[in-house]
Amino acid sequence: MSWLARLFSNIVGPTAVMAAGTMGAGAVASFILAGAWFGYELLWVIPLMLPVFVIGVDSASRIGSLNPRQGMFSLIRHNTHAGLAWLLLILTVPVHILIIMGQVSVITSSLLSLVGVSGAAESGAGVTSAGPMLEFGLSLLCGVAILWLFLSRGYGRMQTAMSLLMVLMFVCFLIVAIGGLSELPAILRGFVPGFPPDLPIPGSDGLRLSSSSVIAMVGSAIAPAALLGMPYLASDANSDASTLKRDFRKSWLNLGLIFGAYAIFIVIAGGFALFSLDHHARIDTVQEAGKVLTNALPASIAFAGPVIFTLGVLMAAITTMIVAAQVSSYFCLDVFNKTWRFTPDNRLYHYLLVFFILVPALLAPLWSLPALLKVILLMGVNVIVIPLVFAIVIYLVNRKSVVGQHTAEWWRNLVLTAGLILSLALAADKLPDYIDFFLR
């Protein structure tokens with residue numbers, strides 16, 4: 001078993017925490033529904049977005065490793081303008097609170113579905129619905145349990161737990177994809193870039209837009225929290241100039257290989273088990289998506305399919321909830337020039353964690369949208385903010401006053417610039433939808 005321990009030690013680290021957070025319910029929702037709605041035809045999005053994801057997060061990690069006493073928001077304030085730091089705080093933290101609420105909804109929905117009960121927003125004919133008090137109590141219990149995981153033994157315990165959850169999620173969705181490998185030729189064709197026709201929703205005038213699915217897939221990975229939060233995680237992990245090469249390798253392992261395979265597995269699972277269903281265009285809930293494994297596993301054990309999938313979604317929601325609460329605490333303390341390190345004696349950090357976990361947990365039952373739709377909608381908000389964050393990372397990682405001799409290489413700048421252009425294109429596509437939404 002020593003080889004297994006060595007393998008796990010190569011995974012554990014800040015990038016594993018960020019990968020686990022990125023492999024959240026929002027990513028599961030985006031990828032599983034892309035497969036359910038469009039089959040394998042959007043698989044090409046994943047390998048194209050991975051270099052931007054890996055290099056972007058690794059560049060942010062480099063900034064944190066070389067500035068262990070300064071947080072990302074302090075660096076933004078000192079190297080650009082204080083107003084920009086405040087703008088990012090105002091744009092990101094409220095969204096993180098909503099994201100945490102969405103993750104709590106997914107957690108409670110997943111737990112309830114394991115016992116054959118649906119949340120109020122997802123109830124339907126023939127499905128037992130949970131009462132509001134049960135949902136409220138379960139949300140609060142989940143928040144308290146996650147706080148215990150967070151605070152019981154500090155950053156090291158949290159980092160190890162998140163890395164383990166990432167591996168378990170990977171295994172769950174590897175099982176999901178096994179059945180789909182029988183359709184290998186169709187899967188391979190899915191890696192050829194192209195937009196499938198938009199999908200009408202039976203019984204309504206709405207459409208499932210392939211462009212919106214692409215935006216949701218990219219937005220689930222290339223998020224402001226990853227670029228703004230990674231410097232803090234790197235600092236808390238005591239990374240420095242001597243660990244840059246090791247951290248770069250771990251970035252490709254965790255964010256490239258593991259996250260990339262994870263995303264591909266989920267799209268394959270959705271395409272294999274759900275795309276062929278007559279009602280596949282109407283699927284938008286955790287319970288419906290949980291049926292993905294019923295058709296993927298042999299008939300003798302098909303009953304276990306929804307349970308395995310739901311457990312994967314449950315772990316995914318927990319990891320995203322943890323990372324969103326953690327980076328929000330970093331941001332707030334750093335902007336107000338308070339100590340932001342995750343240490344046993346930093347009471348302010350602990351108090352903020354309690355706020356960012358328990359308050360959304362208490363508010364989550366008030367949401368009325370299905371759980372998976374909540375997190376997908378919030379991915380679009382990230383798309384609007386990410387171009388600004390990409391520009392900041394490019395600026396900081398090329399300043400010698402920030403990273404010394406470790407300024408970005410030409411190829412790193414090339415990938416980061418491609419990420420900026422991609423994020424601008426996605427924002428330009430998404431912004432009119434948000435303007436129209438708020439004007440209605």
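Even glycines carry a Cβ here, placed using N, Cα and C.
The model shown is predicted, which means the values in this text are computed figures rather than measured ones.
The feature transmembrane segment is assigned by TrEMBL to 12-38, 44-63, 84-112, 132-151, 163-192, 212-234, 255-277, 297-327, 348-369, 375-398, 410-428.
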Across 132-151, 212-234, 255-277, 410-428, the most C-beta pairs under 8 Å with the transmembrane segment (44-63) come from 212-234
- Task: Taking the transmembrane segment (348-369) as the first stretch and the transmembrane segment (132-151) as the second, find out whether 3 or more Cβ pairs fall under 8 Å, excluding pairs closer than 6 in sequence.
- Result: yes
Comparing 132-151, 255-277, 410-428 for Cβ pairs under 8 Å with the transmembrane segment (212-234), the winner is 410-428
Per the Cβ under 8 Å criterion, with at least 6 residues separating them from its ends, the transmembrane segment (132-151) contacts 104, 107-108, 111-112, 119-120, 157-158, 161, 318, 321-322, 325-326, 350, 353-354, 357-358, 360-362, 364-365
